[in-house]
Structure formats: structure tokens, C-alpha cells
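So the structure is just underneath, and the comments pick up after that.
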Amino acid sequence: MYRRLSTSSVSALVKTYSLPIDNKCINSKYVPKYRLSLIDRETSVEKLHISSLPSVNIYIKRDDQLDSYASGNKLRKLEFLFADILSRPKCHHIITAGSLHSNHCKAVAVLAARFQRQAHFLLRTDRDNHDEQILQGNPLLNYLLGAKLYLISKKANIQRDIEPRIQLLEEELGGKDKCYAIPIGGSDTVGLFGYFDCFIREIIPLIDKLNLGHLVVPISSGGTMEGLALANYFTGNRVRIHAFAVSDNENYFKTHFNGILKELELDHLNQFVNNNSLVDICDSYVGLGYGRMTNEQIDFLHEIIRETGIIFDPVYTGKCLWGLYEELRNKRIDRFPTDGKNILFLHTGGLLGLMNPDFSNQWLLSSNSHANHRMRNWMTL
């Protein structure tokens, strides 16, 4: 049985939080009061060697090495979201949503079990309850961790379908006092402080040390990018942030960012989102959509994993790295000028999502004859 944490143990993990910079930049009423101590070290930074780009200096920040199960950028956001949850003594139920194999939901399930809260997940999928592949990968971990799973249509819209379902579930579970709703990906005005804080404490010291001019990050729900972009802006725009979309389009993410700015009473920054000076959002490499890659992207990812020994997932980091690679290979100097500045790539994790059985089919159906030949040989030994 999962060891129950005492009240004193929980209190020891929840720390008072203050911004690591002049807090006049953001109204203090929007700054989280508490932070849950889940991350006890800075993640490592190493050189990323890509043989076909010998003249480009790329460094990679390994946030994939945070925690075995709740890893990656999700954990940084949840330090603030779970601190908010634990500050509400009547709150027992946590409701959120995502894809069937959502890493965000899996991370919430891990922490909900640890802190004795009941997790409820609305999972988008085309599969049904009788599909034998439902309880594999992250859904299996969610089940083992005690989360309650609700299958909804893969095409469910956030505003029209998911948010009303969450509100209905809140009512069924006793109302808002007993429930805490986390948006998809933990991307709201609380969760974004995970990477706001990370940028100031961990990335700023690297800028001069590594001669950085660019920070590259995948973008899906938006919170990671928004936290980084705001922290960069309030500390002098010392690097250019490039967010490579893995789903949706540039307009969607700009609309989301502007909504976050409105909630924080930072509407005057909307102009910088709209004219791309706050962040460069690239939606040219979405491929076939969320969680789906083209054969060319799959072949690239397979080769880069073999060359570097670093695992990149096909949903987020793999697709983002592909976009960066294509921009550099094609010498898109409008985005990455030849100014002698180096690039920092943020590895946001998501590796357990590779247990999604659909991905094995993608690898097998890849057009790369060498990759297929190796797989077939292995399968026939």
C-alpha cells in the first residue's frame, strides 16, 4: 500500500514562494504563494552532436532526467499546481484531461497518489472500454496509481466538450471546494511559473557561459513556452525563444498566450506576442498532427537516437528537434542567423509516452528500408 504522508511531512515540502526577480513585473496577487519541493537539483546541460550539422553548436538541457515517472516539464508546472492544491484542505479530487497516453495525466496520477488525492482523467481516444490495448503504457500506470479514467472522443474540443464535462464532474463530486481542475498540460497562470522560475535560476547563468542566443522548446499546451518567454522578457530579452508546435497552429498559441496575459493583467504585452518579438512560434513541422509523424520525421528520429544515445519522443521533443534540424539544414537565417550565437534545446521529457502501442506501428510502417530491414531481422530470429 502507498505510504501515507503525515501532515508534517507535507508541510515540510510546501515552501513559501517569491519571484527570483523584482516582483513589480507581475502583480503580486498572481504570483503563487507556495511551491512544492519536488525538484532537488538543476538538470544537466550537454553538447548535442549531430554529425550532419558539424558547424552548429547545440546544447541540450536534460529535463527528461527529472524523476522516473513524473518526469520532464510536467513536474516543474506541478510544483506550483500541487502546492496550490495542498493549500486547500477540503480539496480531495483533482480533475484534468489529455490524450489517452498523456504524460501530463500520468504525472498528476503519481503526485495524486503520493499526496492522497483522487485523480480523475478525461482521456481523448478513438478506442473503447473493450479494446485490449487500453491498459498499456501511461493508462496502465494511471490505473495502477488509482486514477479514475473517463474515455472521451479523440476529437473532443476543449471549450465545447471538455470544459463542460469537467464542470459536470465537479458538481457530481461535491463542488469546487472539493475539486481542483487542472487545464490540459497544466498550462495556466499557476503552472507557467514552473518555467518562469527555471529560466531565471537555471537558464540565465548559461547564457554567457555557453554564448547562447537561442532557446528552442516544443509547444503543445503552451505553458512551458509562456513561462520561458515572460521570464526572458522581464530579464532583458537576452535570448530568442523559438517554440516549435507539435499540434495546432501559430494563431492558436498566440490566442492562448494573449489569454494568459489578460488573466495576469499584462495586456500591454499582447503586441509583442502578435508581432513575434516575445516568442517565435513555428508551426511548419506539425506533420500529420498530434502524436503522429511523417515517415521522414520517423527516420530522422530513429537515426538521431542511434547517433546521440538520447531518447527523443515522437510527440514533443522528436518533432521539435526535427523542426530545428530542418531550419538549420536549410540555413533559415531569418530564424537562426549566422551570428556566432549557440542554441540551447530544452528536452521536456515525455519518454514513458513511448509505451503507446501505436508508436510501434509507426516505426514498422516507416519508409526507411534499413530501419525496416533491421526490425524484420530482429523479429525473425
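Any Cβ shown, glycine's included, is placed from N, Cα and C.
Predicted, not measured: the structure shown is a model, and the values here were computed from it.
Neighbour density for S102 (active site, nucleophile): within 10 A of its CB lie 26 other CB atoms from the protein chains shown. Marked as active site, nucleophile by TrEMBL: S102.
Look at TrEMBL and you will find 41-349 tagged as domain 'Tryptophan synthase beta chain-like PALP'.
For K74, the entry in TrEMBL reads N6-(pyridoxal phosphate)lysine. Just so you know, the Cβ of K74 (N6-(pyridoxal phosphate)lysine) picks up 30 other Cβ atoms within 10 Å once every protein chain is counted.
Separating the Cα atoms of K74 (N6-(pyridoxal phosphate)lysine) and S102 (active site, nucleophile) is a whole-number distance of 10 Å. When pLDDT is averaged over the domain 'Tryptophan synthase beta chain-like PALP' (41-349), the result is 94.
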